[in-house]
Amino acid sequence: MKVVCIILLFGIAAANVSATNKAGSSKNAKDTEGKKEILRFPRFIPNPKELATKLLDICKEHEKDSPSSYTAINDKHLDFKNCTFLCKHGPHKNVTLALPEETPCGPSGQTCADKSKCVGHIPGC
């Protein structure tokens, strides 16, 4: 009986190691394909990736003479009510810039061209 239990435990352990190796190899395959970016923009933004690219370009243009090669935006720091976004240049320099006038800022077709009609956080969205 002890021999059967020991063989069973080795079988379970071998299966777990095999499953772990398979999971690790699929993870590595995903990493080589590139990381999937998840943008958390409101639903009234029709193409989040396009907007993020445009904002990153604005951010880079603003600091084109900077020696730092690090430029980033953060979708959590977009203020659709005031039509601004946070641009990060390196670990210690942040700048608030204006969103382009054509940027949607509300669910009813509002744009940053008329900031008085823009809405902030929409409850339930």
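The first residue you see is number 1, and the count goes up from there.
Note: Cβ is positioned from N, Cα and C throughout, glycine not excepted.
Here Swiss-Prot gives region 'CD4-binding' for one range in the set 26-45, 106-125: that range is 106-125. Within 10 Å of the C-beta of Asn82 (N-linked glycosylation site) we count 15 further C-beta atoms, all protein chains included. Asn82 (N-linked glycosylation site) and Asn94 (N-linked glycosylation site) are 17 Å apart (CA-CA, integer value).
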